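Note sheet for the following structure.
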Amino acid sequence: MLMADLITLHIMMLNPGLVLIKVILILGFILGLVFELNLILTAFTTNKSILNQSDLLILTTWRRLSKHWLALTGLVLLLVILWLPFGDAGFAGPVLNLIQLPIQWVDLAVLQRRIVVVVLAIIYCGILYGFLRLLGRLRVTVKPELVPINGWHRLVWFVRPLVTFWLPLMIIDHLLVRVLHAFSSQLSTGMSNFVSLVFLVVLVSLSLLILSAFLIAMIWESLEQPDFRPEFDENYDQLHSMAWFPTGLVFVLVILFGFQAFHFGAAISPSVTIAHRGVIGNNGVPNSVAALRQTTKHRPNFVEIDVQETRDRHFVVSHGQDVALKTSNGTKKVDIQKMDFKKLARHRVDAGGKTTKLVKLSSYLNVAKQKRQRLIVELKVTPQDSPDVAKLFAAQYGDRLIAEHNFVHTMSYQAVLQLKHLKPNLIVGYIVPLNMMSIKNLPADFYSLQAIGLNTTMVRQAHSIGAPVFVWTPDRTRDMQMMRALGTDGQITNQLTRLQRVNRQPAKDFNWAIVENVVNQFC
């Protein structure tokens, strides 16, 4: 029944709906998991006379639940958090994307994301320790004859089932998806749809079965691997009839889930093509005018570039804050924000063995206008910038960007708000490097989301407020297909011509990507 509950919840979570309803569904899932965990503990620690009578086993489970409900609930909540990096049985995305950070915290979390990741890793280790400690106390409570185990020796209870069940599951699932990818494009449209749906049903069912086995194995490990050999009466037909109902329900729900996944994952419209940093492969130095001239020959929808503020409050086209200037004494590393533009313009910049001149954004805009090329300008915001960097940028370039139908995006949400306030007609997007929070409370004209960890929940959140989603930076064909299957509107890529070829592929070529996106949610 746990599997049936999980699939039901997942299907409902796929549909757009009120956050309150989704919270209620998640709470229902957690309560069901509490009972399931208690049932496993009871089955492993009770005597055979109770184990072989289903009614008595359920009654005993309820009695134990009344005594240990607080510890069991805490254990399940900690387990749900611990399992987030491993997919949380498909709910990692929906759960994480319910988290709404206060606007004043957003820039701190995004701009200091490396520190945030380290802090989260430390917190994760603390939660893991707390989970193992609580499980250690609970095991002795339900089975007093067990010897207490202290410290990180308890880690084997979590790690061994992880290696035994989750790791093989991940390998098997992705191998089967690769098999589907290899031959699905050779099938007719109808046959490709059918085969892909069958693969999806099989993989989801397998994933749920193995994840349930993981939970059982973890409890079994903590109880020192007790001998578990229930003796069922082969003539007791009621047991068989009871087993058929949840099994059949799960199978039906998995099929419905598959139809939902294909409905929402259908790659209908081609992606907007955006050349990352103005280059295609190695056709030039990123963010250089020379590369722009080469790239515009392939007619991208947009060229994406980066701008940095100099000490004398100009904006130069450059991705990194630190650049290597070629001087008479060799190469010298300098900080753009500590240099005046005149000094920067005297020297060429060394970029991976190639050299170029740093140019002002105005010069780059002149060439783009000449080539009739629209731009997406990333305003780089750092703690070293002027306090009014967004105001300065809007004053210098806002009207021109609007007139030439160019966009702006930035990782600073405060900058997004300031730019929209100062220039309401300017199209301003928000760059989200961590797909671990809700964006519904962070309105923007569009969103630039990182491909790693992207899920349908975030895409649907953006679309629910009428904002398109551009994703960065898928460069492989398979990654581009997966982003199309997620429903993104555009792709910021270093391989523009490859994306243009993907845009010409028939819809059936994306069926495997729909399956892959679903599998990624489970492992």
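Yeah, the Cβs are placed from backbone N, Cα and C, and that goes for glycine too.
No curator has checked TrEMBL annotations; they are predicted automatically.
Listed features, source TrEMBL:
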TRANSMEM  20-44  transmembrane segment
TRANSMEM  65-86  transmembrane segment
TRANSMEM  115-135  transmembrane segment
TRANSMEM  155-177  transmembrane segment
TRANSMEM  197-220  transmembrane segment
TRANSMEM  241-262  transmembrane segment
DOMAIN    271-503  domain 'GP-PDE'
Range from 65-86, 155-177, 197-220 with the greatest count of C-beta pairs under 8 A to the transmembrane segment (115-135): 65-86
Intrachain residues whose Cβ lies under 8 Å of the transmembrane segment (155-177), provided they are six or more past its termini: 82, 86, 128, 131-132, 135, 199, 202-203, 206-207, 210-211, 213-214, 217-218, 221-222, 512, 515-516, 519, 522-523
Mean per-residue pLDDT computed across the domain 'GP-PDE' (271-503): 93
